[in-house]
Amino acid sequence: MGGGGSVLKVCADHRGGINWLSLSPDGQRLLTGSEDGTARLWSTADGQCCALLQGHESYVTFCQLEDEAAFTCSADCTIRRWDVLTGQCLQVYRGHTSIVNRILVANNQLFSSSYDRTARVWSLDKGQISREFQGHRNCVLPLAYSAPWDLPSAPCVEEAVAGGLLVTGSTDGTAKVWQVASGCCHQTLRGHTGAVLCLVLDTPGHTAFTGSTDATIRAWDILSGEQLRVFREHQGSVICLELVNRFVYSGSADRTVKCWLADTGECVRTFTAHRRNVSALKYHAGTLFTGSGDACARAFDAQSGELRRVFRGHTFIINCIQVHGQVLYTASHDGALRLWDVRGLRGAPRPPPPTRSLSRLFSNKVGCAATPLQPA
């Protein structure tokens, strides 16, 4: 149990910690954003760096990769759009007055959240602000979007959700639901007693799950604002969430991951073995992959909770993980991107994907597998 994983490649080109990692929808490229103020594009076929994205004047906080463009945001208060083939900066989005924390590209729109206490939606091509969402009393962190076709068409809500709904979480202890078309606050979700660090959406059920420094997860109806249930067994801040096939997985500062029934809030499984906080989660094909402040990634059988493999080699906290084909990608604050062989991990059969639901904070879709790398 818990044997070591073999590393395929170590990419140490960045000169600062890697804050985020994103896969393109077609699965052919990987994007990393770093403390060194740059982002890099990588090929998933051979792990080679394809392009260096330079232009930000401070560290890159987050990134999202699409098939034809890459998006990065930074502590320099800007967002940038890049050509994935040439690495050229195509657009700079200016308007935030403090660190941009998160971005989300959805429904041909660009959403952002910032320390300036606002969220914004931008015109992708023109780089102009379409709407500014004001109302949070402190910095805005996670974002999630529910498109209009995923929401009820009842006359009482149809006008309000015509442009979709944006859900934001803040260090003020609330989450807010915004009408994208009007910019108005649709609902304020009150109940947490600490900062809201993460959130995921079940779009068919128009339900948001929020995780907080108050050690709870809460489920909300984003249309009515009603708090549906509270998940209470963690003993530390809830740092990351993953929603998969009616199960909610949560990583915490209490060094555990828990699996909950989304519809009841019952904790059905606890994954232990981490020596520090759990900072990243990814479910893939019956296996739950985790990243931790102890600089290790781990693979658990998602059904039994058995620890299957430990991936050692990083020297600092793992900030983000992705899985594509037979390769696990881990990005760390030590500045390294590591590629690991995950062949031979066979957990429970993979459940059918949730219908039109967001399984992470942001929609990082994975396409068909590239040619597997061979162990070094």
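Cβ coordinates are placed from backbone N, Cα and C, and glycine is handled just like the others.
Marked as repeat 'WD' by TrEMBL: 11-52 (among others).
Below 8 angstroms of C-beta separation, residues 16, 19-26, 29-41, 98-105, 110, 112, 114, 116, 122, 124-125, 127, 362, 364 of the same chain, each at least six residues beyond the ends of the repeat 'WD' (53-92), sit close to that stretch. Annotated repeat 'WD' per TrEMBL: 53-92 (among others), in sequence order.
The DSSP breakdown of the repeat 'WD' (93-132) into helical (H, G, I), extended (E, B) and coil residues amounts to 0 helix, 24 strand, 16 coil. The repeat 'WD' annotation in TrEMBL covers 93-132 (among others).
Sequence-distant contacts of the repeat 'WD' (163-188), counting only residues of its own chain at least 6 positions beyond either end whose CB sits under 8 Å from a CB of the stretch, comprise 107, 109, 111, 113, 117, 119, 121, 131-133, 135-148, 150-151, 194-199, 201, 208, 210, 212, 214, 220, 222-225. Marked as repeat 'WD' by TrEMBL: 163-188 (among others).
According to TrEMBL, the repeat 'WD' annotation covers 189-230 (among others). Mean pLDDT for the repeat 'WD' (189-230) in the predicted structure: 97.
The repeat 'WD' feature in TrEMBL is assigned to 231-270 (among others). Sorting the repeat 'WD' (231-270) by DSSP state (H, G, I as helix; E, B as strand; all else coil) yields 0 helix, 23 strand, 17 coil.
Per TrEMBL, repeat 'WD' is recorded for 311-343 (among others). Outside the repeat 'WD' (311-343), and at least 6 residues removed from its termini, the chain residues within Cβ reach (under 8 Å) are 4-12, 14-23, 27, 30, 32, 34-36, 42, 44, 47, 276, 279-282, 284, 287, 289-293, 295-299, 364, 366, 369-370, 372-373, 375.
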Residues outside the repeat 'WD' (93-132) whose C-beta sits under 8 Å from one of its C-beta atoms, at least 6 past its ends, are 61-64, 66, 71-75, 77-81, 138-145, 147, 164, 166, 168, 170, 178, 180, 182-183, 361-363
Residue counts in helix (H, G, I), strand (E, B) and coil for the repeat 'WD' (53-92), per DSSP? 0 helix, 22 strand, 18 coil
Could you put numbers on the helix, strand and coil content of the repeat 'WD' (11-52), residue by residue per DSSP? 0 helix, 22 strand, 20 coil
